[in-house]
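Straight from TrEMBL, the features:
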BINDING   His24, Ser41, Tyr112, Val113, Asn114, Ser129, His198, Pro199, Glu200, Thr215  iminosuccinate binding site
BINDING   Cys86, Cys172, Cys260  [4Fe-4S] cluster binding site
Amino acid sequence: MNTSELQQEIRRLCVERNALLLAHNYQRDEIQEIADITGDSLGLSMEAARTDKDVIVFCGVHFMAESAAILAPDKTVLLPRLDAGCPMADMVTAEGLRELKAQHPDATVVTYVNSSAAVKAESDICCTSSNAVNVARSLDAKKLLLVPDRNLGRYIARHVPEKECICWEGYCPTHDRLTVADIERARAEHPDALFMAHPECTPEVLALADHICSTSGMYAFARSSEARKFIVGTEMGILYRLRKENPDKEFILPSKALICPNMKLTSLEDVLRALQTMQPVVTVDAEIRQKAKTALDRMLAVPRD
Ligand code: 13P
Ligand code: SF4
């Protein structure tokens, strides 16, 4: 089957299976093209919880499908590629986090949604890149353990100087690869462009940003800004919708290294196979699910930036 036949067959099967097709903002263009909803990881999981469909096909990485399973336990959550993981989420385990908590019993654990369900279950509250600072500010605690992204952790710490912040040493290999030299080169070539950066970038890169935000925040900023040109400091998959929604504006990727191999694993063939076989299904153990849900629910009670 060619691309368009695959896309048509997937859409047909979505109707037959009563399935909702979700695609993260970093997925391949041909998948974003046919998704019911594209969005950031938490936004998509909330859509999974809201829908009246029976099946969720989650085109993203494993922790995202787990979040959908946590928030929508009555639905069948399919992850077309079970091997699509997140290296940053894998940099912390529940056991490792328990050890750190034992060293800092007075600290509140704030865990980025880019983490496994088991790690969320060990946490007091979750955060996303769009609400991290508000979450940290909402807490009475004087001491925070920020898990697992050291870059997001340092970004939070800068905004809550009144709190002691201990950052887990995890990072996103894709965002961490973006360098100051990449931004300086892009700026020299496009002096009229604004630089928007995801908080998973290093502090040195973030220091150069005109606007720091989540992937969803980038769509909003590109839409509302008067600027015509933007240097985009996040995974290249975001360009698809940025360009589609803003045909009169220019988006520049400052580095060819801004590609997440895990996000690009899922192909149309994988999505089709998942709908045909109703596999692989992602589930979360009931006890872990309940604890992880508590951490997510606490976060959902805090307003987004
Ligand atoms: P958001 O879409 O939540 O900003 O996440 C970025 C990311 O790296 C997801 O893997
Ligand atoms: Fe994980 Fe980074 Fe890939 Fe997102 S872009 S899935 S944080 S490795």
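Every residue, even glycine, has its Cβ placed from backbone N, Cα and C.
A TrEMBL annotation is a machine prediction, not a hand-curated record.
It should be emphasised that the depicted structure is a prediction, and the values quoted were computed from it without experimental measurement.
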Residue among binding-site residues His24, Tyr112, Asn114, Glu200 with Cα closest to the Cα of Cys86 ([4Fe-4S] cluster binding site): Asn114
Distance [Cα-Cα, Å, rounded] between Asn114 (iminosuccinate binding site) and Cys260 ([4Fe-4S] cluster binding site): 14
Protein Cβ atoms within 10 Å of His24 (iminosuccinate binding site), excluding its own: 27
Separation of alpha carbons, Cys172 ([4Fe-4S] cluster binding site) and His198 (iminosuccinate binding site) (Å): 11
Cys86, Cys172, Cys260 excluded, remaining Cβ within 8 Å of their centroid ([4Fe-4S] cluster): Val61, Pro87, Met88, Ala89, Asn114, Pro173, Thr174, His175, Glu200, Glu235, Asn262, Met263
Whole-number Å value for how far Glu200 (iminosuccinate binding site) lies from Cys172 ([4Fe-4S] cluster binding site) (Cα to Cα): 7
Nearest-integer angstrom distance between the alpha carbons (Cα) of His24 (iminosuccinate binding site) and Cys260 ([4Fe-4S] cluster binding site): 12
Pairwise Cα distance for Glu200 (iminosuccinate binding site)/Cys260 ([4Fe-4S] cluster binding site) [Å, integer]: 13
Where the record names His24, Ser41, Tyr112, Val113, Asn114, Ser129, His198, Pro199, Glu200, Thr215 as binding iminosuccinate, the maximum Cα to Cα distance in Å: 17
Annotated binding-site residues His24, Cys86, Tyr112, Cys260, filtered by Cβ under 6 Å to ligand 2: Cys86, Cys260
